[in-house]
Each structure stands twice: as structure tokens, then as C-alpha cells.
Amino acid sequence: MSTFQPEAGASATPLRRITVPAIRAGKGGTPLVMLTAYTARVAALLDPHCDMLLVGDSLAQVIYGLPSTVPVTLEMMCAHGAAVVRGAAHALVVIDMPFGSYEASKEVAFDSAARILKETGASAVKLEGGVAMAETIAFLSARGIPVMAHVGLTPQAVNALGGYGARGRSEAEAAKIIGDAQAVADAGAFAIVIEGVLEPIAVAITEAVACPTIGIGASARCDGQVLVGEDMLGLFDRTPKFVKAYGTMAAGVTDAATRYAADVRARAFPTAAETYQPKI
Ligand SMILES: Nc1nc(=O)c2c([nH]1)NC[C@@H]1CN(c3ccc(C(=O)N[C@@H](CCC(=O)O)C(=O)O)cc3)CN21
Ligand SMILES: CC(C)C(=O)C(=O)O
Ligand SMILES: [Mg+2]
């Protein structure tokens, strides 16, 4: 069943959404701006400022209070993906493929990615992995599904990596990450997220590949940047070194809830302005 609906109030000449070729053409230009969003309202607020919105599987921690992204399901990604597409009119929406939905074979990956695009109306998917995923990326790309790749610190592999520490501290690991990025670029990825690597690795990849690189804990010399929206807004409590909070939403929520609770307990809310009185 498709849950995709056109944006409410879409006019006869709607603002055209940013396309995958436009993102590709952003290589080496003004840095591409990307944030995650999981809900329609937050997507609508972030949309005018972003080139791309990512419905990240980080919704595991941010929305669901899960300890890692491993338990995330296709159903969760489709529900939040459809909400973000409804909320955003301008940005290209990319949806994370959840752990277990694409690794077994390129055919399994195609079925999962096709379901995501059908049920959400999004334009592209993202998946984690390098050399091991190159064949899958080529298979999807040749069949009309734009793929954003994700190399370096790949959180779905937390059980194999043993944690969320920065990657590429040994020469062998640095070479492996650069090889992964080259492989996914050669396979046709339209962009590559580089997460949690030593800065020289991110710079070397950005200089080596023809598609845009999107950094998170990587380098300002990447072709764009992505952060988890709630981290950037100052709402999420446990944030990695690579986060900069531009907002103070947690403090705003605490302040509002404190004053609301005090008003309720003092019978100071609701007042006449917020109640329905009989007509005289
Ligand atoms: N809110 C949020 N922000 C993210 O960036 C994010 C998620 N959730 N969930 C999915 C993944 C997980 N990510 C993470 C999670 C934790 C660290 C972290 O704690 N890093 C520590 C170093 C840890 C170590 O050395 O073992 C740091 O200080 O940066 C990094 C990336 C990035 N992604
Ligand atoms: C951190 C970004 C790149 C991501 O994959 C997510 O939010 O799930
Ligand atoms: Mg992710």
C-alpha cells in the first residue's frame, strides 16, 4: 500500500524538488547542505535551508530510544520517510536502508529499495558499505534507483567494529576506507557519506572521486556536510565530538514544560482565552 501523498497546498506550478543530477553537479561547488529529519513538521522547517534531507536510521536512537541502528525495520523507515516527503517540498529526500534489508543480495536490495521509493515518494536511498556493496550499488543504479553510499564509520556494523570510534587510524584501515569510497563511486553512487574518519582520509577521497562527498565527522573540504537534525538543534543528549549544536531545543522544552506544569498546578491554565464559554 502506498502512503505517498503530494504536499498539501501544492500549486499548479510547484517549486521543483532538487534532483539527483543537480546534486551530482554540486561536486566542487558551494558545499551541499544536508540534515536528517524524521517527522513532517521538522522536515518542513529544515527544508528551505537544505539541499537534501536524510531520513536516517539514526531514528533508532533519536526517536525510538534504541541502543543502536541494528533493530530498525523497513516499516519504520517507510513510515517516517513518507512523513518527511509530505513535509518537504524543496530538498531531495534520501532514505536510509535499514540493517538486514539489503546485504544478502542485490535482488533483496532492489526489492527493499523499490518498496522504500514506492511507499514514501522519496528520490533516493542510502546504504552502508564499500567494496562489498559495489555490485549492489551498480545493480540498483542501472535500474533507476539512485544510491548514496556511506563509508568509514558505518554504525550498522557497530557489532563488528566494536564501537563508534573514529576510523582509519592505521595505514591499512585508511587504505581500506579510500578503496571502499573508490569502489562505490565507480559503481555509480551519486554521492558518498564519509563518517568519522581522520580528516586526511576524507580529503583524499573528496579529491579522488567524481561524485560529491558528504562529511560527518570528516572535513570541511568535503563537497557537503550532514548532521543529525536533533543534534544540530541541541535536542539530543548524547552527541559525538563531530556535532555542533546550533540550537538549544532541550533547554527550550524543559523551560516550556516547567512553566506549563506550574500553571496547571496553580490552576493558572487554562484561562478564559483557552476555554469555550456559553454565548450570553
Ligand atoms: N543522535 C545521533 N547522532 C548521530 O550522529 C548518530 C546517531 N544518533 N545514531 C546513528 C549513528 C551513530 N553515530 C555515532 C554514535 C556515537 C558516537 C560517539 O559516541 N563517538 C565518540 C567516540 C566513541 C569512541 O571512541 O568509542 C565521540 O566522542 O565522538 C559517534 C557516532 C552517528 N550516528
Ligand atoms: C548520520 C547519518 C549520515 C546517518 O546515516 C543517519 O542519520 O542515520
Ligand atoms: Mg544511517
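Cβ from N, Cα, C; glycine included.
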According to TrEMBL, Asp57, Ser58, Asp96 bind 3-methyl-2-oxobutanoate; which one of Lys27, Lys118, Lys126 is annotated to that same site? Lys126
For Glu195 (active site, proton acceptor), just count the other CB atoms lying within 10 A of its CB, please. 23
Candidate with sparsest Cβ neighbourhood (10 Å radius) among Asp57, Asp96, Glu128, the listed binding-site residues: Glu128
Under a criterion of Cβ-Cβ distance under 8 Å and sequence separation of at least 6, what residues of the same chain contact Lys126 (3-methyl-2-oxobutanoate binding site)? Leu54, Val94, Ile95, Asp96, Met97, Val147, Met148, Ala149, His150, Val193
